[in-house]
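**Student:** According to TrEMBL, the feature transmembrane segment maps to 32-54, 74-95, 127-147, 159-179, 315-335, 355-374, 381-399, 405-428, 440-460, 472-494. The domain 'Major facilitator superfamily (MFS) profile' annotation in TrEMBL covers 36-496. The region 'Disordered' annotation in TrEMBL covers 215-255. According to TrEMBL, the feature compositional bias 'Basic and acidic residues' maps to 245-255.
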Amino acid sequence: MYASHEDIGYDFEDDPKDKKTLKPDPNIDGGWAWMVVLSSFFVHILIMGSQMALGVLNVEWLEEFHQSRGLTAWVSSLSMGITLIVGPFIGLFINTCGCRQTAIIGGLVNSLGWVLSAYAANVHYLFITFGVTAGFGSGMAYLPAVVMVGRYFQKRRALAQGLSTTGTGFGTFLMTVLLKYLCAEYGWRNAMFIQGAVSLNLCVCGALMRPLSPGKEGKDPGETDPQVLPAHSPESVKSSAQLGRAEEKEGSPGHEEALDDLAAQACQEKAGHRKNMCAFRALKTVSQLTMRVRKGFQDWYSGYFGAASLFTNRMFVAFVFWALFAYSSFVIPFIHLPEIVDLYNLSEQNDVFPLTSIIAIVHIFGKVILGAVADLPCISVWNVFLMANFTLVLSIFILPLMHTYAGLAVICALIGFSSGYFSLMPVVTEDLVGIEHLANAYGIIICANGVSALLGPPFAGWIYDMTQKYDFSFYICGLLYLVGLLFLLIQPCVQIIEQSRKKSVGGTHV
């Protein structure tokens with residue numbers, strides 16, 4: 001999945017008869033591969049980092065438009081949610097156009113969304129310009145950044161993905177500081193306009209996603225022109241010229257006029273030949289593009305809708321159910337913490353070192369440390385994954401009880417560290433479905449996370465509008481998160497019981 005002809009490390013011919021010796025690309029696991037990691041790192045900074053810093057703008061929107069917190073939170077949640085939800089559908093663009101073009105177009109659309117949002121007259125305008133437009137552009141740029149790292153690395157894939165995703169933590173810290181400064185100096189509208197210009201760097205990151213060159217010996221038969229001669233070819237002109245010379249030797253009376261006519265005829269035939277070849281090449285290009293779009297759609301359709309066997313795996317279904325509630329518990333603090341700090345009169349301390357920046361910085365170390373611990377031979381990845389999740393649930397329950405900056409800082413550090421389990425999700429998914437279904441399964445998990453990010457912040461704002469407190473929103477989200485986690489934990493026990501029953505039934509029949 002997500003593999004176009006320009007993104008894979010080998011070149012495959014359409015006709016089996018034309019297949020030749022294939023060589024792996026020399027840049028795999030080295031060379032330009034590290035530039036792709038750098039590109040993906042900056043994509044995470046510009047997209048995920050800026051989205052995690054939207055709490056700064058959320059406060060500005062509340063003061064500007066005087067709307068409810070539940071309604072205003074939809075702006076941020078739409079942007080975050082659509083970025084992840086459209087992941088499976090962006091695969092169609094990747095299969096058709098390739099990662100480089102998709103990322104560049106995504107950078108342009110994302111920048112357009114930021115710039116148009118600077119002229120927003122109400123919150124509903126922001127739903128379209130920022131939530132949908134900027135969110136869709138983020139999805140178009142984000143997914144190729146993840147896919148290309150996977151394409152360029154085989155042996156060091158985990159290390160490369162880990163390094164690139166640390167951009168989320170760095171980006172959250174940098175973008176929080178940047179947006180706070182821009183809003184204070186120029187106002188939120190000019191801040192969004194400037195951020196739109198900054199987002200154009202996504203196009204530069206997309207340009208760095210150089211397709212893997214084919215390592216095939218010999219020339220591509222698809223690049224050679226067909227050896228079909230048109231009715232008026234240079235060969236026919238040559239034969240006509242020879243015939244004319246023969247007539248000249250025979251001493252025909254009007255040989256000079258014949259030569260002029262022959263030269264004019266040759267020019268006309270050459271012009272006609274060029275036109276025929278141009279028309280043939282245009283027709284060939286359209287045919288190849290049509291076949292490419294059709295093949296891309298078939299790969300995309302079979303990759304997702306043909307993967308129904310994934311949902312017969314109960315552990316995978318439980319994993320999707322868990323993902324529907326897990327991501328909101330990580331997103332809600334980023335969106336609503338800046339306002340919670342204002343409600344607790346902790347703005348001055350938060351301005352010195354924002355709580356969201358604490359989450360972001362510790363999140364970086366959490367990814368690295370949890371990944372290193374999970375790689376130890378004596379420790380199970382699942383145990384590390386579950387322990388980190390339970391720590392995050394506990395932190396969400398404790399967060400409403402803290403009303404001092406020091407207490408909130410400690411809990412935010414726990415949230416940042418325990419959320420480092422994100423780096424283990426591809427490994428856990430592979431354990432559930434196998435390497436052959438990893439791409440499809442992980443796309444579904446990301447989509448479920450997108451639904452969680454879409455609904456979580458508005459739900460928390462709606463609870464505040466009803467109770468005038470954020471406490472209940474954290475308790476409810478934490479409870480749903482815990483239910484999903486327990487459901488995931490119970491499934492292996494259920495499978496063991498069912499297997500033992502089948503064995504006992506089989507033994508009685510014997």
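Here the Cβ of each residue, glycine as well, is placed from N, Cα and C on the backbone.
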**Student:** Any chance the transmembrane segment (381-399) and the transmembrane segment (472-494) are in contact, meaning at least three CB pairs closer than 8 A with a sequence separation of 6+?
**Tutor:** yes
**Student:** Please work out the mean pLDDT for the residues of the domain 'Major facilitator superfamily (MFS) profile' (36-496).
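**Tutor:** When the pLDDT values over the domain 'Major facilitator superfamily (MFS) profile' (36-496) are averaged, the result is 80.
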**Student:** Checking distant contacts: for the transmembrane segment (32-54), what same-chain residues at least six beyond its ends satisfy Cβ-Cβ under 8 A?
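**Tutor:** Tertiary neighbours of the transmembrane segment (32-54) are 75-76, 79-80, 83, 103, 110, 138, 141-142, 145-146, 148-149, 152-153, 160, 163-176, 178-179, 195, 198-199, 201-202, 205-206, 208-210, 331, 334-335, 356, 360.
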**Student:** Who are the chain neighbours of the transmembrane segment (159-179) in space, where the CB to CB distance is under 8 Å and they lie at least 6 residues beyond its ends?
**Tutor:** 33, 37, 40-50, 52-53, 55-57, 145-146, 149-150, 152-153, 191, 195, 334, 354, 356-357, 359-361, 363-364, 367-368, 371, 416, 422-423, 426
**Student:** For the transmembrane segment (405-428), name the stretch out of 74-95, 127-147, 355-374, 440-460 with the most CB-CB pairs under 8 Å.
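**Tutor:** Looking only at 74-95, 127-147, 355-374, 440-460, the most contacts with the transmembrane segment (405-428) come from 355-374.
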**Student:** Does the structure show the transmembrane segment (127-147) and the transmembrane segment (315-335) touching, where I'm treating 3 or more Cβ pairs under 8 angstroms (sequence separation 6 or more) as a contact?
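**Tutor:** Between the transmembrane segment (127-147) and the transmembrane segment (315-335), contact is absent.
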